[in-house]
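Undergrad: Dropping the structure in here first, questions after.
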């Protein structure tokens, strides 16, 4: 995607061929800062501290983290240590484990001296694959938006939650890829952007992306979506996912479940965009089996913003002594999902639907 006319991905190899560079997303929307990653520890910190986030981008960063680790120690023990360090950073996004498993499978059969070059090559492939998958699912999702426009012959209003745009992936995004593809094809649309507390990733990241791309959008408080749906102001919802089970349960940013309930009650289609590495074929019941990350309560009790003098500051929004809890994700049962938008097409959120698109997993 482009920022002020310059094409960017969210992660890329620096000119030295060894250092990896990322956009520090904790500094957005007010600052655009590129950060170099030169070691396994740098990569792990970038994931844990959410300089990068979004399931596909976490996976891509972990892949490059493995490559960086081989510069210091490409032995079997070194690979195992790197795997464990990176795997421990964030528990919910399945792309993290998927990417690490891909790297181990590619590297362990090779002689130690050949592993570093192979690691960088496989990490680059994972990034390219993610971009291609997201572009493809974007086309499938854009067809859904086009069908709504054809039926209603007016601007289509789409509600999204958190950030599942290109900042959450290597490029294009998941939930936002259909929006970008449809917008670029000339379909009139407007996006309702949930602010997505407590980290405000909708207000800070999704709005920033849509602004860069010129897509009409409006930021709303998290609890506004139901009201909009009741009054016919939402034509469809499209969200992303950090892990989707083989039965079609969808784990995504906290608050997604409530949007799906409101959509169901108001007959608003609720779609989920995901590349296939986000499917966890080993898990059936998302509510019971997916580990839900619990983050620092400080994210709930404090908030960042830009003051009138242009300084970005953190302020406390809760009383001293009030405890807070900060679950990062929730699970939307498959019965509330209209369809899953993947790189192979759109399917029902069910074992049969997923196996129809991915028969090799049957």
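Cβ atoms are placed via backbone N, Cα and C, with glycine included.
Fair warning: this is a prediction, and the values are worked out from it, not measured in the lab.
Among the features that Swiss-Prot reports, substrate binding site is placed at 53, 54, 55, 90, 201, 252, 253. What Swiss-Prot lists as site 'Transition state stabilizer' is 162. The active site, proton donor annotation in Swiss-Prot covers 242 and is backed by sequence analysis.
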Undergrad: So which recorded positions are near residue 162 (site 'Transition state stabilizer'), with CA atoms within 10 Å, out of 53, 90, 242, 252?
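TA: So the list reads 252.
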Undergrad: Determine, to the nearest whole angstrom, how far the Cα atom of residue 55 (substrate binding site) is from the Cα atom of residue 242 (active site, proton donor).
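TA: So the Cα of residue 242 (active site, proton donor) lies 5 Å away from that of residue 55 (substrate binding site).
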Undergrad: Can you tell me how far the Cα of residue 253 (substrate binding site) sits from the Cα of the residue listed as 'active site, proton donor', in Å?
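TA: That comes out at 8 Å between the alpha carbons.
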Undergrad: So which one is it: of the binding-site residues 53, 90, 253, which has the fewest other Cβ atoms within 10 Å?
TA: 90
Undergrad: Kindly assign residue 54 (substrate binding site) to one of the three DSSP-derived states: helix, strand or coil.
TA: coil
Undergrad: Would you list, in sequence order, the residues of this chain other than 53, 54, 55, 90, 201, 252, 253 that have their CB within 8 A of the centroid of the site's CB atoms, where the site is the one recorded for substrate?
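TA: Nearby residues not in the site list: 58, 93, 162, 163, 164, 168, 240, 242, 328, 329.
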Undergrad: Reported as an integer number of Å, what is the Cα distance between residue 54 (substrate binding site) and residue 242 (active site, proton donor)?
TA: 7
Undergrad: Helix, strand or coil for residue 252 (substrate binding site)? Use DSSP.
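TA: Reduced to three states, the DSSP call for residue 252 (substrate binding site) is strand.
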Undergrad: Cα-Cα separation of residue 252 (substrate binding site) and the residue listed as 'active site, proton donor', in Å?
TA: 5
